[in-house]
Amino acid sequence: MKILILAFLASLAKAQEGCGIISRKPQPKMAQVSSSRRGVYYNDDIFRSNVLHLTQDYFLPFDSNLTQYFSLNVDSDRFTYFDNPILDFGDGVYFAATEKSNVIRGWIFGSTFDNTTQSAVIVNNSTHIIIRVCNFNLCKEPMYTVSRGAQQSSWVYQSAFNCTYDRVEKSFQLDTAPKTGNFKDLREYVFKNRDGFLSVYQTYTAVNLPRGLPIGFSVLRPILKLPFGINITSYRVVMAMFSQTTSNFLPESAAYYVGNLKYTTFMLSFNENGTITNAIDCAQNPLAELKCTIKNFNVSKGIYQTSNFRVSPTQEVIRFPNITNRCPFDKVFNATRFPNVYAWERTKISDCVADYTVLYNSTSFSTFKCYGVSPSKLIDLCFTSVYADTFLIRSSEVRQVAPGETGVIADYNYKLPDDFTGCVIAWNTAKQDQGQYYYRSHRKTKLKPFERDLSSDENGVRTLSTYDFYPSVPVAYQATRVVVLSFELLNAPATVCGPKLSTQLVKNQCVNFNFNGLKGTGVLTESSKRFQSFQQFGRDTSDFTDSVRDPQTLEILDISPCSFGGVSVITPGTNASSEVAVLYQDVNCTDVPAAIHADQLTPAWRVYSTGTNVFQTQAGCLIGAEHVNASYECDIPIGAGICASYHTASTLRSVGQKSIVAYTMSLGAENSIAYANNSIAIPTNFSISVTTEVMPVSMAKTSVDCTMYICGDSLECSNLLLQYGSFCTQLNRALSGIAIEQDKNTQEVFAQVKQMYKTPAIKDFGGFNFSQILPDPSKPTKRSFIEDLLFNKVTLADAGFMKQYGECLGDISARDLICAQKFNGLTVLPPLLTDEMIAAYTAALVSGTATAGWTFGAGSALQIPFAMQMAYRFNGIGVTQNVLYENQKQIANQFNKAISQIQESLTTTSTALGKLQDVVNQNAQALNTLVKQLSSNFGAISSVLNDILSRLDKVEAEVQIDRLITGRLQSLQTYVTQQLIRAAEIRASANLAATKMSECVLGQSKRVDFCGKGYHLMSFPQAAPHGVVFLHVTYVPSQERNFTTAPAICHEGKAYFPREGVFVSNGTSWFITQRNFYSPQIITTDNTFVAGSCDVVIGIINNTVYDPLQPELDSFKEELDKYFKNHTSPDVDLGDISGINASVVNIQKEIDRLNEVAKNLNESLIDLQELGKYEQYIKWPWYVWLGFIAGLIAIVMVTILLCCMTSCCSCLKGACSCGSCCKFDEDDSEPVLKGVKLHYT
């Protein structure tokens, strides 16, 4: 079947203003094709590097159904297709085309596609890209025609007028010749129309496809941002047709796939170059939602609470009362004469539509200030009533018409309340209002808000003064009209609303709603509540709005959240499997589809709302895990006695079953009888295991420069901060207390490591110093100075046998041969002989030789000891030399190997540190700039302090700065609270570490799995940064055997219990054995005791589970209603933040190399055979002792003789008398006369 193209007019066709007609055009097949993971694009202009970014925008959801359209000459049904229908644009479009002959030429965007509205044309005419926005007379079948491989006609539109955008892009030559074979080109586009701009994103991929759209991941980059400014609701594709003549054009093979964008959340992964390398559609399935919740592509095994990325609003519901009358603002503002200010007048406005845009867009008003509400929000709000107060004052007095102001006007004429909600509008009327007007200049008391005093005097004294308004007076004294609009918030049905059009009421779907100005997001459902006649909203116990009255139908509607938040995802870990199970907390399985709005979920999510693997638990509904009655190791505790495990099909079940299984944990049958026989497993064999346990006992100490953090360099802020008293001091005091506690934790933990008990050194006793006589108890193997003096000491290298020899020998030399030791199969003796040993062995040798003749050789047996001890000593010398040689050889080889490994490790470490240094240096300046900027951008307003002070007066500026200070103080308080919580956790960990130091290191714990995994043998502590590392040596069961056991045995009416261990039966007899090792013993009175009788007492334990308390949440509505002020916040310049090098330093290769080097270094540890040091003390012979004693006696005698031969009268200060031998003849002495001094000449 041919497609005939006929020109309307030949001249128009030549001018490219004609159109073509297609005869007998079949309807598109509209097959559905999965988008897989295509269509991701850069949705903003911000550069990001090495970061995961969560963004909400309009994206093509992964695995969306794309509709397929063709340009096809002849298909299997003998039809030709030229599919170019008008398609819905929606919130954006994803467009992908597979072709080989450049069939797809462009698009037309618009609304009505006629000349009454503007449309946008973006087409490729084979030489240029044409972009136009005009009122077009579009062709019914817009197309290009190609004749004999060359462009012939452009039948897109007939004419165009009222063009507002005209642009020609690029000059090129498009290959228009038709091609055969597979599709070679895949072009993808995304179109978004936002704020008057049509943004176009594109990517190209070379393919070789016979049909279909390839599965994969694609990222589109921005190419155009066109300021069209038109309404786009639909679009249409422009394609080309081909012919070898100038008529009878036929289509060539091409296909395009379209899908609409949806507002959803994506997580984008950017590499160091700012390129998107991976993406996740957070609403695609439970695992994708979990990855977005924890913001990580890799998820470890466990159960995780998720955030809601599943349901987003689909429509907008706006409901205002059916009011058509316009509010009479013109009568208020255009009154002929305004009253005096003291006699101000009020007008009530109700039952009308208020178009406030006319007011705040007017350029005639000199003042338009709103309090408690933003002018731009008025169009969306409804009020019970609006009051308009009017009066006339001077231009300079307008400032007093505001909440909290003082002055003549505010005190004595017109006063606004501090919580005023409304707008003040003023404009100069110097030419209109002239003459005398009155105001009250004084009054005994000030007026209350909205109080009016019409009197002209007070106690006979006139209180009114006059304004003299003339155009010639200064501006400050000229007449100014003032209108104060007071808004009465909804406490009754709304009568004044903005001019916003209402929409249809949509129920049972997630929508954005606006009821009389109450905005929100939720699901609207029919309610059974009853309202009072004046009631518009309903509130729950937490004072949150949970129901509303529709202002048009007066129907009461419940408002529920769009999503059910109590959803947890169970995963075995993404490294093991992508399979998950979902737990809906506190929900019956029958209610799950309604609770999560399953009809709005993706198909991948919807399978987790119903299905065959549905398991109702006390914790909620578990879907996606197979419930089994068996029990396995609890990998993932879910709660409420439920556990999940992950197994492969080969180790658990037959092929085809789920990999995640869930089961109820049980300690036995609920109705089991006490003392009934039960089976237990008792270890019969063990293996040694070493477990490493790291326990934190301290954390990094921190302090905060409070003033700098809150105020930066702002003097005004610092002065205001002083009013907060000692907050900063208390804050740092708390941080200091945390630091002190960390030191205390460390001290207490490591104080548990006590040294071995040592005997105190007794150096002084009763005034006598024994340090040179008694041995030093701190060195128990050393002898004292006197002992070293009285004995000769010989030190030898010990290959491993000399110490045992010395202990055996003692002081008896005759035991020398008996104390010979075994070493590596040889009998050895130390190569050392004392004089006693030499004398003994010599005597035996001589005696043996002398008696050999007359004892017929039997006496030669006395030579054997001498020969044996010589052989043994030669063996001792030999093995010692061999050990020394082998050790030297190992030292040389391993030292050389260690040196090379150390050199390599230093090189690798240097490379890694170089990388770290580069990143640290690059980030330092950028981080400093960022901190400085952030220090002025925090809290209630997004503005720097200087800007606050410059645009607000002092009082309001201090209020705003006070909010900023309060926000930052709250942040600091939260930080300190987190530190205190962390310190409490550290404290608990330190206490446990101290307990393990006492029980595991200094003792042997009997608690199973407390000191390591298994039964404890010994533990070794090692200090670690901010903690301690325990190396627990344990023995764990390698083999177990099941035995029937009983807690007690009844015999003759008495119950016998084991003193230690358990009773077990081997099938025929009962024994008692240890619980941790099977060592059966006969039951006797020694290992049992008798207690009580055989009666069984069963106790019932209360199993009540209490629900957690729900704290009552205070309502912020009243507070927030006061602060919807008209304050514009300037953008804060954080441009320097892009200077941060947020790249992740990849030093994994260096770390792996270091690990390898460390392994090699460990292998190079020298396992030397230990050479001990053996010291032997040799006693002197008897004659030496005899000479030593005789020498001491001679020394004493000589000392006494010398004393007696001198002229001393005594020796040793009178301790011994020498009077008989020390007295001289008195006659030879000179006379001594008392009191006479003799002089010698």
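Glycine residues also receive a Cβ, built from the backbone N, Cα and C atoms like all the rest.
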* Structure fact -> Ranges in play 278-298, 383-403, 803-823, with Swiss-Prot marking region 'Fusion peptide 2' at 803-823
* Stated Swiss-Prot location of region 'Heptad repeat 1', expressed as one of 21-71, 888-938, 1041-1091 -> 888-938
* Among CYS19, CYS163, which cysteine is annotated in Swiss-Prot as forming a disulphide with CYS134? -> CYS163
* Structure fact -> Expected hit for coiled coil in Swiss-Prot across 186-214, 592-620, 1143-1171 is 1143-1171
* Structure fact -> Checking 227-231, 692-696, 1237-1241 against Swiss-Prot, the stretch recorded as motif 'KxHxx' is 1237-1241
* Asked: Quick one: Swiss-Prot says CYS382 makes a disulfide with which of CYS327, CYS423, CYS497?
  -> CYS497
* Asked: Using C-alpha atoms, which one of the glycosylation sites ASN124, ASN125, ASN231, ASN322, ASN629 comes nearest to ASN162 (N-linked glycosylation site)?
  -> ASN231
* Structure fact -> Excluding its own, the Cβ atoms lying within 10 Å of the Cβ of ASN65 (N-linked glycosylation site) add up to 14
* **Secondary structure at ASN322 (N-linked glycosylation site), reduced by DSSP to three states** => coil
* If we count other C-beta atoms within 10 Å, could you say which of the glycosylation sites ASN124, ASN629 has the fewest? => ASN629
* Listed in sequence order, residues with CB under 8 A of ASN231 (N-linked glycosylation site) and six or more positions away -> GLY110, SER111, THR117
* Where's the emptiest Cβ shell within 10 Å among the glycosylation sites ASN115, ASN125, ASN162? -> ASN162
* **Among ASN115, ASN124, ASN125, ASN322, which are recorded as glycosylation sites, the nearest neighbour of ASN685 (N-linked glycosylation site) by Cα** => ASN124
* To do: Quick one: of the glycosylation sites ASN65, ASN115, ASN124, ASN322, which has its CA closest to the CA of ASN629 (N-linked glycosylation site)?
  => ASN65
* Which value does the mean pLDDT take for the domain 'BetaCoV S1-NTD' (14-294) in this predicted structure? -> 88
* Can you grab the distance from ASN124 (N-linked glycosylation site) over to ASN115 (N-linked glycosylation site)? Cα atoms, rounded to a whole Å. => 22
